[in-house]
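Have a look at the structure below before the remarks.
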Protein chains: 2
Amino acid sequence: MDIWYTENHTDNVRLSIRIDRQFASVQSEFQRIDVFDSVEFGRIMTLDGLLMVTEKDEYIYHEMITHIPMATNPNIKKVLVIGAGDGGTVRELCRYPSIEQIDMVEIDELVVHLAKEYLPFTACSLDDPRVHIYYQDGLRFVRKVENEYDLIIVDSTDPFGVGEGLFTKEFYGNCYKALTEDGILVNQHESTFYTSYSNAMKRAHSRIKGFFPIALVYQAHIPTYPSGHWLFGFASKKYDPVRDLQADWWNGLGIKTRYYNTILHRGCFAIPNNVRDALRESERDKR
Amino acid sequence: MDIWYTENHTDNVRLSIRIDRQFASVQSEFQRIDVFDSVEFGRIMTLDGLLMVTEKDEYIYHEMITHIPMATNPNIKKVLVIGAGDGGTVRELCRYPSIEQIDMVEIDELVVHLAKEYLPFTACSLDDPRVHIYYQDGLRFVRKVENEYDLIIVDSTDPFGVGEGLFTKEFYGNCYKALTEDGILVNQHESTFYTSYSNAMKRAHSRIKGFFPIALVYQAHIPTYPSGHWLFGFASKKYDPVRDLQADWWNGLGIKTRYYNTILHRGCFAIPNNVRDALRESERDKR
């Protein structure tokens with residue numbers, strides 16, 4: 001018997017993964033959530049049919065969304081994580097004894113429940129005493145917050161469904177307000193290879209640049225995401241992630257990573273012309 | 001009507017591309033060659049069913065295999081290219097007026113003929129007067145050459161079929177011998193994400209390191225290659241690609257690229273831990 005999960009990266013490109021069996025298929029108030037075991041990638045979770053987490057390569061995404069800001073400012077104490085229901089980002093944050101509080105705002109409680117049951121490799125730190133989970137819309141949550149967080153991580157889905165509000169001008173403006181003077185905003189920033197993702201990426205960059213004096217993009221190789229070339233946004237009020245990298249401090253922590261290192265930290269901001277040109281286009285469109 | 005081309009990246013992962021129509025399907029003495037038009041990627045060529053070139057992303061591979069060594073040593077005059085029948089690597093080399101001679105050794109004449117007919121975007125410089133094409137086995141060709149080339153580029157297929165000889169100890173030793181004192185060897189170096197590719201990559205690195213005092217690996221995002229994370233080897237007798245980068249010289253040439261730039265040149269040698277660990281393993285296995 002053959003079972004294949006297929007994600008359409010565009011109408012004309014598909015990635016298919018051989019499935020051993022399905023553990024869950026639930027329609028929540030917000031989205032359809034599926035959990036599978038796959039032969040090549042281990043346990044995987046999809047939201048509305050789009051691949052979010054695989055056991056084999058989730059560490060790339062979660063390390064890159066977390067350690068880049070953390071290695072830039074060692075004084076990060078209070079973190080807001082938006083989305084991130086699988087727990088992978090919180091797991092990486094919990095490796096820092098210096099962090100005092102992690103507020104996680106996930107709109108869909110069912111994602112967290114299913115992650116706790118089926119994805120222990122990402123959900124393993126959600127019960128850390130520093131972690132407070134709010135089952136709310138992230139867009140609404142940040143509206144009422146001011147000068148409170150040293151770091152906001154937007155670990156959202158794509159801006160095509162439930163995650164749409166997390167790519168709006170209003171949201172980024174409220175993130176700016178919710179951050180302290182030292183504040184850093186990191187977000188999953190889509191990709192440039194396929195047009196629909198590229199448009200989302202350009203819109204996000206242009207909006208973030210409207211609020212933050214420093215707004216850069218960095219990249220990682222994530223094999224199971226469309227095109228395998230994925231981007232993150234780094235925006236801040238004063239920190240430059242390359243100039244201010246605290247490599248000695250970070251290496252002294254002894255955090256064992258499988259993708260991130262402090263040499264890669266500098267390297268991942270060296271973006272190819274195809275990404276640089278897309279960013280420039282988005283900046284031109286804004287003016 | 002739906003036509004899909006599918007490449008099995010492993011037995012359990014498939015990339016499928018919607019095809020508009022097929023232009024050629026030929027069994028040469030060495031391999032099966034197919035040419036298609038695809039909706040998302042334009043013209044594509046496959047060898048033994050494996051995707052080699054797509055019109056949409058071939059520039060990433062060809063720029064990265066060429067400009068990294070060229071920007072490291074501006075005095076490269078005589079170049080040997082092994083494989084590369086589609087012409088993309090020769091196209092990039094021909095953009096340097098400083099190069100005097102390009103010898104291209106391709107085992108399969110039919111690949112070149114089909115590229116000239118169907119892939120004008122890569123084959124466009126194969127008639128440059130500096131280019132000499134030898135339809136021979138690259139492994140044999142380098143055996144009889146000594147102290148002749150400033151640069152050898154091994155633009156081979158994977159080491160599973162006709163390209164196998166281009167991953168052997170004998171071949172790398174002969175490349176060392178064929179290079180001048182200033183010599184640089186660059187090769188397509190597979191990938192680490194899927195096991196079969198990773199093993200090939202480790203073997204190649206360990207063998208190259210046995211001959212060359214400098215042997216590094218650099219990376220690029222190539223969406224249509226398995227995992228999208230592709231590696232190149234940079235080996236040389238004395239040049240370090242990061243220390244010796246001639247950024248001002250290269251930028252002064254005014255070569256317009258779509259992926260490569262001199263900031264990325266440094267960044268692409270910053271490899272993640274998963275690649276670094278695979279390289280270390282291969283070095284340990286050798287000892």
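Cβ atoms are placed via backbone N, Cα and C, with glycine included.
Bear in mind that TrEMBL entries carry predicted annotations, made automatically and left uncurated.
The spermidine site recorded in TrEMBL includes A:HIS62, A:ASP155, A:SER156, A:THR157, A:ASP158, and the single candidate from A:ASP37, A:ASP86 that the record places there is A:ASP86.
Between the candidates A:GLU63, A:GLU106, A:GLU109, A:GLU170, TrEMBL assigns the S-methyl-5'-thioadenosine site shared with A:GLN31, A:ASP137, A:GLY138 to A:GLU106. Looking just at the domain 'PABS' (A:2-237), the mean pLDDT is 95. Counted over all residue pairs in A:HIS62, A:ASP86, A:ASP155, A:SER156, A:THR157, A:ASP158, the record's binders of spermidine, the longest Cα to Cα distance measures 16 angstrom. Cβ neighbour count within 10 Å across all protein chains ranks A:ASP155 highest among the binding-site residues A:ASP137, A:ASP155. Of the chain residues outside the S-methyl-5'-thioadenosine site list A:GLN31, A:GLU106, A:ASP137, A:GLY138, A:PHE30, A:ILE82, A:GLY83, A:GLY85, A:VAL105, A:ILE107, A:ASP108, A:TYR135, A:GLN136, A:VAL162, A:GLY163 have their Cβ within 8 Å of the site's Cβ mean position. In this structure, the C-alpha atom of A:GLU106 (S-methyl-5'-thioadenosine binding site) lies 15 angstrom from that of A:ASP158 (spermidine binding site). Non-local contacts of A:SER156 (spermidine binding site) by the CB criterion (under 8 A, 6+ apart in sequence, same chain) comprise A:ILE82, A:GLY83, A:GLY138, A:GLY163, A:LEU166, A:PHE167, A:ASN187, A:GLN188. Between the C-alpha atoms of A:GLN31 (S-methyl-5'-thioadenosine binding site) and A:THR157 (spermidine binding site), the distance comes to 11 Å.
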